[in-house]
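Pulled from TrEMBL, these are the features on record:
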DOMAIN    37-286  domain 'G-protein coupled receptors family 1 profile'
TRANSMEM  23-44  transmembrane segment
TRANSMEM  56-82  transmembrane segment
TRANSMEM  88-112  transmembrane segment
TRANSMEM  162-181  transmembrane segment
TRANSMEM  201-225  transmembrane segment
TRANSMEM  237-257  transmembrane segment
TRANSMEM  269-288  transmembrane segment
Amino acid sequence: NCTQATEFSLAGFTEDPVTQVTLFLLFLLTYLVTILGNLGLITLIRASPLLHSPMYYFLGNLAFVNLCTCTIITPRMLVVVLLGKKGITYAGCMAQVFTFGLFVVTECFLLAAMAYDRYVAVCHPLLYPLAMSPERCSQLVTGSYLLGLTNGVGQTIGMSSLFFCSSSTIDLFFCDISLLISLSTSDTTLSLVILRTSSSLLGVSSMLVVLMSYVAIISTILSISSAESKCKAFSTCASHLTAVSSFYGALIFVYLIPRSDSFRGREKWAAVLYTVVTPMLNPLIYSLRNQEVKEAWRRLRKIK
């Protein structure tokens with residue numbers, strides 16, 4: 001006997017007031033840096049002709065997705081951490097499931113498109129203008145958003161068929177679909193099928209594109225005789241490889257490693273990594289390690 005939940009409770013990180021204030025200030029600073037960094041990168045890419053190339057077209061869309069991802073997660077987390085208001089309405093939870101499912105898969109395929117871009121640039125440089133034409137780049141980005149939308153709609157449909165008791169508590173700081181399925185008191189077969197199908201078809205396929213691209217890239221780089229040419233070729237991929245490693249590493253830790261009580265706290269911090277920290281790091285990684293971005297910024301400052 002239970003009534004359908006109209007509200008869920010999100011778990012915080014700690015009950016200690018001093019630690020709560022510290023975490024609030026840390027997450028607030030991270031969020032502000034994320035907003036400024038990604039908005040700045042989008043503005044710079046649009047304003048500088050030097051950055052009007054396929055790689056930065058993908059990067060601008062990645063910055064937009066990172067901006068959206070942190071915005072649907074972090075403000076709510078700040079409320080939970082500082083004010084202790086852990087309640088989130090059923091409608092709000094559904095909205096988080098949809099938007100997070102949309103943007104996380106979109107990011108997966110944007111990273112895959114960027115890996116393919118680097119593969120063509122390193123392994124087939126003569127074919128690059130044809131293989132990465134504006135039309136092809138637009139198709140890759142549009143396809144990434146459509147696949148993300150498909151995932152978001154599918155996850156929302158799966159969740160809408162579930163029944164929850166009014167005392168449901170989510171042991172995380174946002175509405176994660178896998179935790180919601182485990183909390184449901186109704187038949188979860190449809191939701192599990194949708195979750196596993198989307199994870200297999202969308203998540204694994206995008207990861208395979210990244211892995212295959214970098215296997216080919218590394219093989220090509222190792223075959224180059226000049227050490228200087230090797231360093232130059234690898235430097236074009238280093239920023240993207242760093243971003244991919246942090247994003248997929250956290251996702252694998254949270255969703256593919258079996259859950260247990262001893263790993264529950266670590267899972268929560270791994271979720272912080274890909275929902276809060278990675279969106280902040282991406283513009284910093286591409287700005288600090290990329291000479292073209294630095295040069296575009298210097299030219300823009302001279303014009304002003």
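Residue 1 is the first one shown; counting continues down the chain.
Glycine is no exception: its Cβ is also placed from the backbone N, Cα and C atoms.
Note: TrEMBL annotation is automatic and uncurated.
Since this is a predicted model, take the numbers as computed values, not measurements.
Put simply, of 23-44, 56-82, 88-112, 201-225, the stretch with the most CB pairs closer than 8 A to the transmembrane segment (162-181) is 88-112.
Between the transmembrane segment (56-82) and the transmembrane segment (23-44), three or more CB pairs separated by 6 or more residues in sequence fall under 8 Å, so the two stretches touch. Mean pLDDT for the domain 'G-protein coupled receptors family 1 profile' (37-286) in this predicted model: 84.
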